[in-house]
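Only one structure is covered here, and it is reproduced in the block below.
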Amino acid sequence: MTGNIRVYCRIRPFLPGQAAKHTTVEYIGEHGELAVVNPSKQGKDRRRNFKFNKIFDTQPLIRSVLDGNGVCIFAYGQTGSGKTYTMTGPNGASEEDWGVNYRALNDLFSISQNRRDSFLYEIQVQMVEIYNEQPNGLAVPDASMHPVTSTSDVLELIGVGLKNRAVGATAMNERSSRSHSVVSIHVRGKDLLSGAALHGNLHLVDLAGSERVDRSEATGDRLKEAQHINRSLSALGDVIFSLAQKNSHVPYRNSKLTQLLQSSLERVSGVELGAARSSKEGRDVRELMDQGVGRRRRLRHRERNEKGKPRTTKNEY
């Protein structure tokens, strides 16, 4: 699976105490169609139609990483829409309820093991948060790379990182992530027959939620965090938009987040954008459509399947 920027949507179900009759999801089609309504709007602005890339699994992406390509999987959406849940799943989840991170890692080690007669792989992991435009190591203070040999090795590091991640309460989310979390998996491989070397990487990105400060009632440190979050999400949207347009200049330097992801995005094999949204309240619809990537996706939805040129890095030992 190479070359496309693909967009998926996951609808967070109602939480206890929320009335299902207030849903803004009008229609979910079998082929990736989604229609949402905004009760505060009238006429043609009341209803918005979206087209996504259906449901996906992680195996085609992981094969691409093990072939020496770069892959990013993002969870994007407003605060409280279920991004962290989508990426990590519930605490103590069974295999059936695993999040994207765990499924991707399980596939990574399973497929690499199946290739052991043809390839020798070395896998290293780091976990970083971008908090107020400053990168911080989550699993270890210096954000160094850790060699790993199994899914459990990585899950142990992620568990430590999640405990250290910056969170805070707002009016919209009791445990709002105040930083972007990036789990980076770097794979070095050697073709045992030809001796060719390859280097692939996978970024699993749980973005902090976009938010309107008038709704989240953020003040002081929470307000400062929200401003940094929204600016970095806008910068990420600019980068994805530039890649889709095949612009000669891509503004990676406008954010620490995009600088961190540059090595993968510029040699992209696949970008998976999971747009998480809540099923409640019309104001959530406006948030999804107005912020960062969502705004650019609405303006240029025809570029959804714009192809990039994957570049596999291979050298001889």
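Every residue, even glycine, has its Cβ placed from backbone N, Cα and C.
Record features (TrEMBL):
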| type | residues | note |
| --- | --- | --- |
| BINDING | Gly77, Gln78, Thr79, Gly80, Ser81, Gly82, Lys83, Thr84 | ATP binding site |
| COMPBIAS | 278-289 | compositional bias 'Basic and acidic residues' |
| COMPBIAS | 303-317 | compositional bias 'Basic and acidic residues' |
| DOMAIN | 4-265 | domain 'Kinesin motor' |
| REGION | 276-317 | region 'Disordered' |
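Among the listed binding-site residues, namely Gly77, Gly80, the Cβ with the most fellow Cβ atoms inside 10 Å is that of Gly77. Other Cβ atoms within 10 Å of the Cβ of Lys83 (ATP binding site), summed over all protein chains shown, number 27. The DSSP secondary structure for Gly80 (ATP binding site) is coil.
Cβ-based neighbour count (10 Å, all protein chains) for Gln78 (ATP binding site) stands at 26. Here the binding-site residues are Thr79, Ser81, Thr84, and the one whose Cβ sees the fewest other Cβ atoms within 10 Å is Thr84. All protein chains included, Gly82 (ATP binding site) registers 20 other Cβ atoms within 10 Å of its own Cβ.
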